[in-house]
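A short worksheet on the structure shown next.
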């Protein structure tokens, strides 16, 4: 988001002490600027590297190409654009104590900034709805939200985000009328984001608060449903363990189905936790800024400019967090290690040992325990049971046995964010 006031005030904090030696003061200022330049450069590198890694992993490995991960790709694209087109220019604005790219790019840069934040939270909102259908209607999930439908939803998210960000700024609906704002708009070297009260409140509600409320409400419902499912699993497993062993031997498949169903819901619950961490981190990083953004237009002098800029950069840093959070997923960990050459052909076995045919059934390489050949914990999590011919599920995933209909179609979410 745009900066208020003189951005360099935040950097030149060491000048607060009145040093008599101007050379010493200048050296302190230069050291401070160099230090901030290094920190900001590391932030940019972390954002770009991490999100390129996420996008590449999903594009390269078919296992990761789930509906939910399509939305994760959209989120990573928003973070990547933030790292390439927003954060570097924001850093330059602060470090150089002036804007050197002209008025047109100033408004265009601000529009991209608002676009990325809006697209991110709207994508998170869509992910919350996606998880709601996945956990409440697992049998209908794949027909409700196919990959083609997911692409349409992603396109709609970016179109809506583009309209709510570019249109008001490029049409100058955001502009304030006080003297400082008018002078800044006319000055090529000024790119402080002065806004009128109506725009600040309306844009904050549309771009942040409204999607946030929807996201929190839907995700709270998802967790309530997930909690009830886990409680049912606990009760079912309790009854299962009290059965006579002879009955279990006579009907081993029912026990196997129960274990497989339990694994599915436990993995689904872990996926919910991972996505919950992503949403919670985004909220914690951006909520303080949007609170300050509204407070500032209501009471101009209440929030120091340094605080505004600092909170803005806390929001920027959020774009570097998501790739780290994805490492909770064994699938993403293996993919990242493979891409970084830290794991010798890990995904070669991971992708080729078991493959599904067009009928939804599973073809194997001929080894009865092929999925257990990897000794790492990640592989154990991905392939916990060597399926028999009666199990019409892919080896890396775990789905409830009743998620397969009579034609062999798999209605599980097969979510790789686990």
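A Cβ is built for glycine as well, from the same backbone N, Cα and C atoms used for every other residue.
Here is what Swiss-Prot records for this protein:
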type: DISULFID; residues: 106-191; note: disulfide bond
type: DISULFID; residues: 184-190; note: disulfide bond
type: MOD_RES; residues: 141; note: phosphotyrosine
type: MOD_RES; residues: 246; note: phosphoserine
type: MOD_RES; residues: 261; note: phosphoserine
type: MOD_RES; residues: 262; note: phosphoserine
type: MOD_RES; residues: 345; note: phosphoserine
type: MOD_RES; residues: 355; note: phosphoserine
type: MOD_RES; residues: 356; note: phosphoserine
type: MOD_RES; residues: 387; note: 4-hydroxyproline
type: MOD_RES; residues: 400; note: 4-hydroxyproline
type: TOPO_DOM; residues: 59-70; note: topological domain 'Cytoplasmic'
type: TOPO_DOM; residues: 129-151; note: topological domain 'Cytoplasmic'
type: TOPO_DOM; residues: 219-274; note: topological domain 'Cytoplasmic'
type: TOPO_DOM; residues: 328-418; note: topological domain 'Cytoplasmic'
type: TRANSMEM; residues: 38-58; note: transmembrane segment
type: TRANSMEM; residues: 71-91; note: transmembrane segment
type: TRANSMEM; residues: 108-128; note: transmembrane segment
type: TRANSMEM; residues: 152-172; note: transmembrane segment
type: TRANSMEM; residues: 198-218; note: transmembrane segment
type: TRANSMEM; residues: 275-295; note: transmembrane segment
type: TRANSMEM; residues: 307-327; note: transmembrane segment
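Only pairs six or more apart in sequence are counted, and the transmembrane segment (307-327) with the transmembrane segment (198-218) gives fewer than three Cβ pairs under 8 Å, not enough to call it a contact.
In the three-state DSSP classification, residue 191 (disulfide bond) falls within coil. Secondary structure of the topological domain 'Cytoplasmic' (59-70), assigned with DSSP and counted as helix (H, G, I), strand (E, B) and coil, comes to 9 helix, 0 strand, 3 coil. In this structure, the CA atom of residue 191 (disulfide bond) is 7 Å away from the CA atom of residue 184 (disulfide bond).
When Cβ-Cβ distances under 8 Å to the transmembrane segment (71-91) are tallied for each of 38-58, 152-172, 198-218, the top count falls to 38-58. Candidate recorded positions: 141, 184, 190. Nearest to residue 106 (disulfide bond) by Cα distance: 190. Under the three-state DSSP scheme, residue 106 (disulfide bond) falls in the helix class. Within the group of recorded positions (141, 184, 190, 191), the Cβ with the highest number of other Cβ atoms inside 10 Å belongs to 191.
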